[in-house]
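S.K.: Structure in structure tokens, see below.
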Amino acid sequence: MTFITAISKEVKFMSDIAKQIQQPKEPWLSKLGLTPRKDVGMHPFRVIVDKEISDLVRSWRFKILIGIIVLTCLGSLYTALTNIGHAVKPGDPDNAFFFLKLFTISDGTLPSFFVFISFLGPLLGISLGFDAINSEQNRGTLSRVMAQPIHRDYLINAKFMASITVISVMFFALGFLVMGLGLVIIGIPPTPEEFLRIVFFIVLSIFYVALWLNLSILFSVRFRQAATSALAGISVWLFFSIFYNLIVKLIARATMPPEMAPERYIVAHRNFILDLMRLSPSQLFSEATTTLLMPSVRSLGPLTMEQVHGTIPSPLPLGQSLLLVWPQLTAIIAITVVCFALSYVFFMRKEIRSR
């Protein structure tokens, strides 16, 4: 009996020690009227986003694309710096915005900075999203993730959030790199308005790449094979980059009014062709970036002689430039939201089976 009593006391003593180890007392906190902070685990959505960001940054396709984009943009910066003296012309209203010429001028050997972004940005968005869902399904990891006690939409939301985070960090870093190198080499700092125009240009570029990212995610949800979704995204990009302009030129030639037609018919025809061109996302991005980086642009459509007569060639303030490009920015955001909404709906209705 004495032996059993001793064992029970020993067990009770050990259990008390274990409780003290698990819940240590901190008298100095209690004296201050504070309580020790309890360890709180990370939210499941945050865990998935961090995992996706890690996978994207470590992938070879991202490293290759970021290398190409950085090299081409640095090449365009070198071209701009070597020709910036010839770009300053007397009487040019853009001379007040000298720093913006780093992003716009070119000597013809290499395109300017924003032209490279408009050409390579869609490839970056397509490469980050074409296998977002179907690769998980083909590897059998999609069913395992969906078997966990998390919301189903966490996965597709995390895919988009991780990709847009990587794109945003990359574009802001690239834009500030160009500004920093330009500041060191030419020795002229940007004015506050120039800095804000560059920031708005970077934000617009992020939305433009997000459009192609969501389109590629949509194809990734709809097609089971990653090669098919990648081919579909590249086909859409090639169509709007090359073939759509050829189709619009054919329509413009077929519907061209006669040379002796009244001016209102000629202006109406040009507006019609311009509206057709604006169905292309690349045209919307080109118009918006041109207006933001070239303050002397006062209109994005054809003007009559009455409208041009008496105007003073002066740059627009930032607020007026934003109002001028607001329709283009709204259209880019709307297409991005529509593509993501379709991807979300199709993914939520998608039947997921284990392999």
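Each Cβ is built from the backbone N, Cα and C atoms, and glycine gets one as well.
What TrEMBL records for this protein is below:
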type	residues	note
TRANSMEM	64-88	transmembrane segment
TRANSMEM	108-133	transmembrane segment
TRANSMEM	154-186	transmembrane segment
TRANSMEM	198-219	transmembrane segment
TRANSMEM	231-252	transmembrane segment
TRANSMEM	325-347	transmembrane segment
S.K.: Near the transmembrane segment (154-186), which same-chain residues lie under 8 Å Cβ to Cβ, leaving out any that are not at least 6 residues past its ends?
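M.R.: For the transmembrane segment (154-186), the sequence-distant neighbours (Cβ-Cβ under 8 Å, at least 6 residues beyond its ends) are 44-45, 48-49, 52-53, 56-57, 62, 66, 69-70, 73, 77, 81, 84, 99, 102-103, 113, 124-125, 128-129, 132-133, 136, 142, 145-146, 195, 198-199, 201-202, 205-206, 209-210, 213-214, 217, 221, 340, 343-344, 347.
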S.K.: Out of 64-88, 231-252, 325-347, what stretch is closest in contact terms to the transmembrane segment (198-219), meaning most Cβ pairs under 8 angstroms?
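M.R.: Highest pair count goes to 325-347.
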S.K.: Honestly, do the transmembrane segment (231-252) and the transmembrane segment (108-133) touch, with at least three Cβ pairs under 8 Å and pairs 6 or more apart in sequence?
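M.R.: They are in contact.
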S.K.: By Cβ distance under 8 Å, which residues at least 6 away from the ends of the transmembrane segment (108-133) in the same chain are close to it?
M.R.: 56, 61-62, 65, 68-69, 72-73, 75-77, 79-80, 102, 142, 155-156, 159, 163, 166-167, 178, 201, 205, 208-217, 219-221, 226, 229-230, 233-234, 237, 241, 282, 285-286, 289-290, 293, 347
